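Below you'll find the structure, written out as structure tokens, and then a few comments.
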Amino acid sequence: MKSSTSLACTILALSSISAALGSDNSTHDLKPFHIDLGAGIPHLQTLLNVTKLPKAPLYPGTSPTYGIDLDDLKAWKYEWEHGYNWTAQELSLNRFSHFTAQIEDLSIHFVHQKSRVQGAIPVLFLHGWPGSFYEFEPVIESLTEAFTDSNGSTVAFDVIVPSLPGFVFSSAPPFNWTVDDTARVFNTLMIDVLGYPAYAIHGTDWGSGVAYSLYSNFNRTVSAASFVFLPSASPTVAEIAAANITLSPAEQVTEARGTTWSTIGNGYFLEQTFKPHDIGLALYDNPVGQLAWIGEKVKLWSDPRAGQSPSVLNSTAILNLVSLYYLTETFESAAWIYAQNPNGFGTPYAKAPTNAPLFFTQYEYNIGSWPEQWVSRVGNLVSYKVADFGGHFAGLDNPPQFVADIREMGLFLKQ
């Protein structure tokens, strides 16, 4: 642990110097970016107005495991049509500093919210599906602010949140693109475009695959890694028993939810892995269809208390997630990440060749469960905790816990 702390301190010092000096962005066509999707709203409203839904469920009282609840879909559709204000949501998102950069023939969108605190630690936040950069909207400003712990140590962060290739404002990648390719592009973003010689990372869902690739393959530039999800299959009940692992009550909930996902909850996964054109084209210009397909996952994968404090994952958040896909016309290209990485969550990961510290938080209502012993197999695990509130979209479902976890990583690096 001492060696990783010493390395981290050296990296942080270099990072601060480089960020102050800046970098040569001429080859990457770095440009400010402003979200402006209002032109698509009239067509969206027309489709919402003419789309018909059944008056009553075909089979009332069926389990959520069969898919979207008709009452939920009706309520979300009604709000989208009559109460939701995209203009206000767009204005809120534009309070952040957005940019695009050209890297390997891709246009990469990202938020780069710099802290005013000297020595702020750069952290790259990586989302998955059906999320977007919006997953981290509630935590960006808090992370850029100075935080001082009980020992008098202060930490703040430069927050970098890119859109994965093919998602919302980033262009679609080539056919055979993988998470390792995305990792390479994002390392270029951090090192060559933004001028950080080193940085920390956070990953969830597909973003965890990109984050692990960075952690393992770019171990000279990644100073620390935070995960709430691993890009490998959760251990089975039999494997947990064979390893003599005793799960806490919260971990038992997560393990049960992971088992449910792997047995009857992964139909979408198979569809998007093997037939991405089918679902992508069927729902391409179908906002209510996208709402059903995405909204069902967001609700099912979140804490049952979602929308209650501290969660901000309410119906407006769901409509924001879906609106970003629909209005940018990227539902199909985003779904393709499954087909391009068919083994993305199946292969056990070897321990990364790095001493950089790894932090992991298991949120009780996530859809995958990795006990501490399992997480320690993939990296230099220095912190493992279980959060009893929150699910798959941690930045939306429990912002205070999420911020606290990232600050813990930053304070460790400051030692």
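Every residue gets a Cβ built from N, Cα and C, even glycine.
Here's what TrEMBL has on this protein:
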SIGNAL    1-22  signal peptide
DOMAIN    32-136  domain 'Epoxide hydrolase N-terminal'
ACT_SITE  ASP205  active site, nucleophile
ACT_SITE  TYR338  active site, proton donor
ACT_SITE  HIS392  active site, proton acceptor
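Comparing HIS392 (active site, proton acceptor) with ASP205 (active site, nucleophile), their Cα atoms are 8 Å apart once rounded.
Cβ contacts within 10 Å of ASP205 (active site, nucleophile), excluding its own Cβ and spanning all protein chains shown: 27.
Other C-beta atoms found within 10 angstroms of the C-beta of the residue listed as 'active site, proton acceptor' number 28, with every protein chain shown included. When averaged over the domain 'Epoxide hydrolase N-terminal' (32-136), pLDDT in the model lands at 98. Around the residue listed as 'active site, proton donor', the same-chain residues six or more apart in sequence whose CB sits under 8 Å from its CB are TRP129, PHE269, GLN272, THR273, PRO276, GLY344, listed in sequence order. In the three-state DSSP reading, the residue listed as 'active site, nucleophile' counts as coil. Here the domain 'Epoxide hydrolase N-terminal' (32-136) has, by DSSP, the following mix of helix, strand and coil residues: 41 helix, 22 strand, 42 coil. The DSSP secondary structure for HIS392 (active site, proton acceptor) is coil.
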